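For 13, 16, 35, 38, the entry in Swiss-Prot reads Zn(2+) binding site. The annotation ATP binding site is assigned in Swiss-Prot to 118, 119, 120, 121, 122, 123, 124, 125. The domain 'ClpX-type ZB' annotation in Swiss-Prot covers 1-54.
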């Protein structure tokens, strides 16, 4: 009769050697077994290594001064805003550095940032440059396209999808990225009094943004659009995502002025009408944002508020010429590819800046002004071998004269005669 051999029949964990009677569970693989105790141990090791990897990503975190230096390469002026952003971003990623498997006595909370300033003052460029400096995923969203759940428009989760896409669907990277939400002032409540009518693009959106600003595990539809039953979702933790909220907040200077009792600090009372809007923004307080239409809970999620100044002629001229990717440098390089030298006179730069101020477009409108003046030249030059140099004057910018064209010997060239 066949005799049962217990020693041969008992299954053992291939890692620790314990048999099936000594553990709660054995999981079978291809010729191997692993017990529940080894599974738990492996899980702990993986979690610790992942946490260590997350902190190592920012071991070379630049200091606030180094961040400021990088911002100076691309953004002219706005020193106060750049300093506030540099410190805020440094503290944010330093906070991520200290996160790990061990519990800390003091929990450092996230500090999102609000940038308040007129159109074309550099809000978006600041956020973009920060992300580039830190080499983290970056996404831009427009608050005006958002509506609260259940209404036509974008859900707030679609903002997170853009960040996930920017990180090539690497969730770990996305969870340490930066999201810039523009036009945040456009979702302000229409008045301080709660209305009985629905404000689906105002207070409702603020309420929807609250959780992702503070930190939550959000369910994001991988294809975007509205959520629906039986749909698969991407899970992303927003706790370590830095949100930078930007807006022009037109008219908030009047709100501040009313709070200050029609008297601007640092100015004589009879000069109240001649106040500097930028000086007023320096005195902005949370109650001003609430009076403008942001709900208190939303304001509480953006403890850092930096104001950007209106750009004057001198600042706009510097923007045209000084940054690494300055517009004048770009257009010079563009014509250089056609073996043509491009020159802007000092008066031309002043005229460009003046026109941008007149149009109230700030730095954002500089490119279109230059493009208007160069479009004909950029059309003709590739077909002409005579032009070696183009000079743009203030008369060119003001549409009073054509650009001055010269050949290699310095003689003036008339393209109309040449083509004839």
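Note that Cβ sites are derived from N, Cα and C of the backbone, with glycine treated the same way.
Considering only the binding-site residues 121, 122, 124, the residue whose Cα is spatially closest to the Cα of residue 35 (Zn(2+) binding site) is 124. Compared over the binding-site residues 119, 121, 124, the count of CB atoms lying within 10 A of a residue's CB peaks at 121. Around residue 16 (Zn(2+) binding site), the same-chain residues six or more apart in sequence whose CB sits under 8 Å from its CB are 35, 37, 38, listed in sequence order.
Other than the site residues 118, 119, 120, 121, 122, 123, 124, 125, same-chain residues with C-beta atoms no more than 8 angstroms from the centre of those residues' C-beta atoms, the ATP site, are 117, 246, 308, 362, 363, 364. Listed in sequence order, 74, 75, 363 are the same-chain residues six or more apart from residue 125 (ATP binding site) with CB atoms under 8 A from its CB. According to its DSSP assignment, residue 123 (ATP binding site) is helical. Counting Cβ atoms from all protein chains shown, residue 123 (ATP binding site) has 27 others lying within 10 Å of its own Cβ. The binding-site residues in question are 118, 120, and the one with the fewest Cβ neighbours inside 10 Å is 118.
Fewest other C-beta atoms within 10 angstroms, among the binding-site residues 13, 35, 38, are seen around 38. Between residue 124 (ATP binding site) and residue 13 (Zn(2+) binding site), the C-alpha separation comes to 57 Å. Using the Cβ center of 13, 16, 35, 38 for Zn(2+), the list of other same-chain residues with Cβ within 8 Å runs, in sequence order, 14, 15, 17, 18, 23, 26, 33, 34, 36, 37, 39.
In this structure, the C-alpha atom of residue 119 (ATP binding site) lies 66 angstrom from that of residue 13 (Zn(2+) binding site).
Distance from the CA of residue 13 (Zn(2+) binding site) to the CA of residue 120 (ATP binding site) is 65 Å.
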